[in-house]
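Take this structure, written in structure tokens, and hold onto it; I'll ask about it next.
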Amino acid sequence: MLGRLLGRAAFIVIIFVVQVLSFSGLSYAESQTSLNDINRHWAEEEIKEWISNGLISGYADRTFQPDKVITRAEFISLANKAFGFFHKADQTFKDVPQGKWFYNDVSKAKFTGYISGFGDGTFRPDQPITREQSAKIIYQLMQLEEGTVARDTEAFQDDQQMSAWSKPYIKAVASKGYLKGYPDKSFRPQKPITRAEAVAMLDQAVGQLIHQPGTYELKNTVGGNLTINSGGVTLKNAVIKGDLILAAGIGEGEVLLDHVTVEGRTIVNGGGENSIVIQDSTMNQVMVQKDLGRVRLFTKGDTSISNTVVKSGAKLEEEQGNEAFKSVSVESTSVNDLVQFEGTFVKVAVKATVTIEISDQSTIALLETYTGSEGSAIKLLDNAVLKVIILQAAAKITGEGTILKAQINAEGVSFEQLVKEYILSETVKVVLIGGKEVGSSSPVPTVPSPGAINPQGPVSPTPASPAPVPPAVNPENPVSPEQPPVEQPAPEPGKVLDIRAAFIVQDKLYTLYPATDDYSAVKWMVTNSVTQDTYQTEYDETVQDVGIYSISGGALPPAAYDVTNPNSSQHYSGVMLSSITVNDSVYAKVYYSGSEMISYQINDSYTVHDLGNQMPAQAVPLAAGDTLAMVYGDQFQVFATWNGSGWELDAINDQLETPTHLTASTVSNKAIALQWNPVANADQYHIYYSATPTGDFVSLKDQNGQPVTVTGTTYVDGTNLPHTTRYYVVTAAKAGIGMESGPSSVAFATTYYNAHISLDFQITDTVRHPSEPILYITDKSNKKLYRINYVTGEKDSISFALAPESLTYADGKIYVSLLKAEHSSYTFIEKQQGAIAVVDAATFTLAGTHDIAIDPYDIAVDRSGHLYVASGSGQWTEIRSYDLSTFAEIAASGIRQASYIQMHPVLNKLYTITTDTSPRDLSAYNLTNGQYVDPSYPGGYDSPYHGDYSMAKNFTISPDGAYIFNGFGSVFMATNNKYDDMKYVYGLGQAFADIAFDLPNNKFYTAEKSAVQVYDYSNFTQTGFYHLDGTAKYVFNDTDQLFVISALAGKNILEIVEKDAIEVPAPVGVSGIQLDGI
């Protein structure tokens, strides 16, 4: 499975300064310095492309060493970055200890499943990787299948040197061209691969790479594969001869495929529940396989997909009128995976256990379950229609939708709803339809719904009549004409079947038959096991599968009894519910001489597990209304009530049902919430967990080390570590009598990396208090300013009449720009209006609002009491200064379009960056008492470059005033020397959304996507990183923690990142900062 491209390099080359997109039809930025040992190398083109994309790097001496052997750990580090894997296994290999640079990469590779190690439990990370070992990894990464390729390994003259296990992998990857042989027709399977070979083979697999958001319209046909590894991507008018890979790096982001033709496979490993939109596109085969969570595929227009294979949770949704999914196959899933269908589908094949949901107003013409899908759950929501269902494996079908025809070829099938037409194969004895048991040769009586049996008021069954056999269903012709029903003979009266149990209560005998039938002619005798006295019985009625008989002569004397039939030699030990009198007090007593284990509980007062000792010290005399709850082996529960003189049977139920619909959801970095449906007659539940879905499940313990017992149907497990995946099952139990159901299906969740504070509002801009743990945040859409204490989580807000946008803090005041109109390139300076709100930080109250004759876009404050406002409208527009005491305008200077501004820490100089892109560049304005030293248009002075370096709109000046960090990852000098000011210094190699500094400890932090990178401030080398749960927006440094505002599942949160949770990247060589630029 593919994963997120985190953009954190395992090998960082200082002299490469920009990330680029490097394929036909996209812009390409040449690297600024060449490596001196790749010119004319056979892999020169691939190496340059990988370096440009930040996937690999050279060494400090400006060499790449392409022919150097690569180790197993280094190879998987490259694979992880190329495919973006980020989930990690709980355990790796015995020779991969924590703390080693490769630990995280090996953990990710093992979780994803493309490595398995050696038979002795080792991985051997420092050994060179051989060609046959790399073939297996490529095979797993590309999800190839042995049977889909034609080439044989005999094509290589050294076929005999290949390990037997490697031949299928070599055959597959060689056929696809990912690994090639030598000119002498050899493969050399035991030969270690080099750095160049590793890049070349992975480049063949990845193909052309898109790893930045944007719209991409390809000019030329893509001859091989294309990989999208970022959300926010639109791909238009593309023809792809190979595979299209939607990698996990997409995260929960969105991808739009518009007029895209894929002749190979479309592999969906990333995306969220609102992610992949396919419009007017044609695809051969779509494969959905996401590590964790579900992905949504939404088809529109004239989209057509010949075959879809679903191997994980997914939602397949069609726009009204679009019928894109021609054939869907569900494979390699579990019952915990939910696959939803919304639209009109022709054929769905269920080949693995799964939960299927057919949405409201949706239709499936044919759904077939295959061997291997036993235990699947299929739910039809209101107005869903399933025209034909063929069941080759047991399944449970529920919901309010309509099923027209069913062909049932397997035992264990149940339908909650009615089925209009059905047929049972000869091997199927019974099926549950609409709450009624139906057999291939039995009538369908009308009986009470399953549950308690009330002997005082049984419901008489409707006289049985033969059940018609429905017409056969032809899958090739779902609308075949009706056929006349065929009647089956009635069951033979008096036929004796084995009974599952017999209970004697006062003057009644209750026999439990294996199926519902007509037992009116069956005769039973009850014989005292000691005296051999025999009593006849008379048939009363049958309720479901329970025959009820009156004992001749009335209630029997207390004793153990055998139950027999005159036409059979079988003897059954009956269970008598009775009592015993001791010292004029009456106590409960059960008589039974059979082999089943029996225990019972009286009220909640005492329990009997040994029928040889039914008077424990806790025993109390019976009183009217007391209840008895009994467990009979592992089959039945029996409930009775003492009426003052004898027991009255309340119910005989099957053993406790297994809890259903267990779900697990992440609550925090330590807690996972569980929820399940209640089970009838259970009064508590037990929770078990495991580190793997197939491992040993152990009882969840409380803080006292005791197994957790839950009386409700929810529980929050707070015993997890951060970012830990835990698997759960739940059982139902009856307290006191040792009754416990089987385990539920497995549910799992992964805790977050970090603790969270919910920010239930929109975020426009933010600034931090200089000395208190306070963040101030504007919410433009709701016209509010929020104050957040990131230690206590306390929040409060101030409302404005106008929409707030940018803000800054100075001298105990918060200055907030207020908009009077939307920003527009066509609203020129003469017509612009806005306002500035002043908020007292100590009291968090509005101190005043001041109108200004400019549309405020970004604001800053200098040392001499002046506010600077950059216009958000017009084209060549202005930046103006105002006196903070009077808000009188002081001066104005020119600026190119809407620009972001930052005050230098010395507070006498502004740096700006335009939002324009022709080109985007930095400018500087020297200030004196609110006046611009260079006020003439265009105002200030520009950087020494003109579009030479790619730039993002965000930038930050380091607290010491030495550097300007641009969000694209470029670093520039900040100096009073106009000719050296804004000169390029360094490229971090990866973009960032925000940056924070910890100069006393010589560190700085950049936040981008789902990670915070850690750098050494003295040489700008990366020293570590932290994981995030959401997508980063802002980052703030504190003593022991980082505070990151991010977006998670469509909501804003504040993540609290513990600094001791740092992870260390692979070691790299560095050459220091180039202060002279290049």
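Here the Cβ of each residue, glycine as well, is placed from N, Cα and C on the backbone.
So TrEMBL has the following annotated:
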{"type": "COMPBIAS", "residues": "458-473", "note": "compositional bias 'Pro residues'"}
{"type": "COMPBIAS", "residues": "481-492", "note": "compositional bias 'Pro residues'"}
{"type": "DOMAIN", "residues": "30-88", "note": "domain 'SLH'"}
{"type": "DOMAIN", "residues": "89-152", "note": "domain 'SLH'"}
{"type": "DOMAIN", "residues": "153-216", "note": "domain 'SLH'"}
{"type": "DOMAIN", "residues": "658-754", "note": "domain 'Fibronectin type-III'"}
{"type": "REGION", "residues": "439-492", "note": "region 'Disordered'"}
Over the domain 'SLH' (89-152), what is the model's mean pLDDT?
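That stretch averages a pLDDT of 83.
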For the domain 'Fibronectin type-III' (658-754), give the DSSP counts of helix residues, strand residues and coil residues.
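DSSP composition of the domain 'Fibronectin type-III' (658-754): 0 helix, 41 strand, 56 coil.
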Give the residue counts of the domain 'SLH' (153-216) per reduced DSSP state, in the order helix, strand, coil.
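Going by DSSP assignments, the domain 'SLH' (153-216) contains 31 helix, 8 strand, 25 coil.
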Could you put numbers on the helix, strand and coil content of the domain 'SLH' (89-152), residue by residue per DSSP?
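Helix, strand, coil within the domain 'SLH' (89-152): 24 helix, 2 strand, 38 coil.
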What counts of helix, strand and coil residues does DSSP assign across the domain 'SLH' (30-88)?
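Summed over the domain 'SLH' (30-88), the classes give 21 helix, 3 strand, 35 coil.
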